[in-house]
Each structure stands twice: as structure tokens, then as C-alpha cells.
């Protein structure tokens, strides 16, 4: 990836609230299925904003830090997804999205970020990201002291 897009906690919350507003009325949803790990934090934010208490996970491994690898389903939520929102942080090349669509064909699949290759596979997303861009999520970064430029 040649570019990086840094996401802050407040940006993520703003984007999640925007997505939640598009998913109203919340009564139409039975629950949320968060794709682990990227969808866990956005899933919690959606659950809060929509007042949804039924939250489950589908655990899929497809990245090793910044390298994409073979998809492996570690745990899945039951059912075909009817009445559920499936949330992930990002749709990239579409590998995970294809697996999600096969497991939950009746779910409403949403992400915060979408790259061009995966965009057609989700029902809704908030932010367009160029395909060659790596997203730095706030949960992957630490807060560090940065000394003043003057050095004083």
C-alpha cells in the first residue's frame, strides 16, 4: 500500500453515527453481527446509537497486521442474517465480503470505509477510500508524546 489514511477515535464515532442514522428506524433490526476484529468497535458504536442489545460476532481471519492472507472462518453467528446488520470496518478487495454474503445472504451488510474493489458487495458505507490506501484504525495506534518543534 502506498498511502495511509489515519482514523481518529472522534472521526470513527462521527462516521458510525452517520451510518446509524441511515439504518433507522432501529426497530427493523433483530440485532447486529460484528465481523471480528475490525467490526467490533464499529458494531459497539452502532449498537449504542440504535439501541440494539443483541450483538453477535462472526470471526474471520484474513489479515496478519498489514498483509492479506487466506480467509479462515473461526466462529460464525447462526442463521441466514435475516433482520440483522452485519458490520465490518472496511470492505477492501471483497474477499471477506464474499464470505459474509454467502454466510448471511439476507443480512444488511455495512462498513464504515469502502475501497473500489469491494464497494459493490456492501449495502451501505460512509467513506470512500482509494484502493492503494492502508487504513490506520485508532485501536491499532497508541497515544504518544510528541516533543515541540522548537525543542524547548
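Keep in mind that glycine also has a Cβ here, set from the backbone N, Cα and C atoms.
Small disclaimer: the values here were computed from a predicted structure and weren't measured.
Swiss-Prot has this to say about the protein:
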type	residues	note
BINDING	37, 38, 69, 88, 89, 90, 91, 92, 93, 94, 95, 96	5-phospho-alpha-D-ribose 1-diphosphate binding site
BINDING	69, 92, 93, 94, 95, 96, 134, 135	GMP binding site
BINDING	89	Mg(2+) binding site
BINDING	92, 135	xanthine binding site
BINDING	92, 135	guanine binding site
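Taking a C-beta cut-off of under 8 angstroms and a sequence separation of 6 or more, residue 135 (GMP binding site) has the following same-chain neighbours: 4, 5, 7, 89, 90, 113, 129. Summarising the environment of residue 93 (5-phospho-alpha-D-ribose 1-diphosphate binding site), the number of other Cβ atoms within 10 Å of its Cβ, over all protein chains shown, is 15.
Geometry remark: residue 91 (5-phospho-alpha-D-ribose 1-diphosphate binding site) versus residue 134 (GMP binding site), CA distance 12 Å.
Counting every protein chain shown, the number of other Cβ atoms lying within 10 Å of the Cβ of residue 96 (GMP binding site) is 26. Within 10 Å of the C-beta of residue 95 (5-phospho-alpha-D-ribose 1-diphosphate binding site) we count 18 further C-beta atoms, all protein chains included. Checked against residue 37 (5-phospho-alpha-D-ribose 1-diphosphate binding site), the binding-site residues 92, 94, 96, 134 differ in C-alpha distance, with 96 being the nearest.
You'll find the Cα of residue 93 (5-phospho-alpha-D-ribose 1-diphosphate binding site) roughly 12 Å from the Cα of residue 134 (GMP binding site). Note: the CA-CA distance between residue 95 (5-phospho-alpha-D-ribose 1-diphosphate binding site) and residue 134 (GMP binding site) rounds to 16 Å.
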